[in-house]
Amino acid sequence: MKDTIDMIMLIMHIISGYLALGIGIAAMLAPKKRGRHTTSGSIYFWLVTVVCASAIVMSIMNWEVSSYLFYVAIFSYVFALFGYIAYKMKWKNWMVSHIAGMGGSYIAIVTGFIVVNQSNAPFLAEVPSLVLWLLPTIVGTPILRMVGNKYDTRMKKRHP
């Protein structure tokens, strides 16, 4: 029974993670208005929810070897939830919070993808694991900051 649940969770985790990578890019590239951006962004959020929920279940079921996954999943989901709530609540400077949250969750998805596939990709096999854990954050954070500043400036011009 445990093996069946574990396999179902793993399949859900892989499929939703793979889809989140693609749909996350679609949301980022879509014009920032109702339509493609909001639809793909909502789908992305729910895919991240499945990724994190399945990671939590798998980590609990295999606590001895993957307890760290529990904490990584919660930390990653907090980013997505923060970005989603910022959009829904529209508080002051919500756009920057939305970009930081959703972007941070995308960095987490990319990190997971790279780290898990290190042994399958010959060009990654020689790279130290710590570098692969940190590289998406090192590359992604300045990009998020630039995009956040761009939209923050636009919002301030529209609503001084």
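Glycine is treated like the rest: Cβ placed from N, Cα and C.
TrEMBL annotations: computationally assigned, not manually curated.
As written in TrEMBL, here are the features:
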TRANSMEM  6-31  transmembrane segment
TRANSMEM  43-62  transmembrane segment
TRANSMEM  68-87  transmembrane segment
TRANSMEM  99-118  transmembrane segment
TRANSMEM  130-148  transmembrane segment
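Same-chain residues lying 6 or more positions outside the transmembrane segment (68-87) and placing a CB less than 8 Å from one of its CB atoms are 41, 45, 48-49, 51-53, 55-56, 58-60, 94-95, 97-105, 107-109, 112. The highest tally of CB pairs under 8 A with the transmembrane segment (43-62), across 6-31, 99-118, 130-148, is held by 6-31. Remote same-chain partners of the transmembrane segment (99-118), defined as residues 6 or more beyond its termini with a Cβ less than 8 Å from a stretch Cβ, comprise 17-18, 20-21, 24, 27-28, 41, 44-45, 48, 51, 72, 75-77, 79-86, 124-125, 127, 129, 132-133, 135-137, 140-141, 143-144, 147-148, 151.
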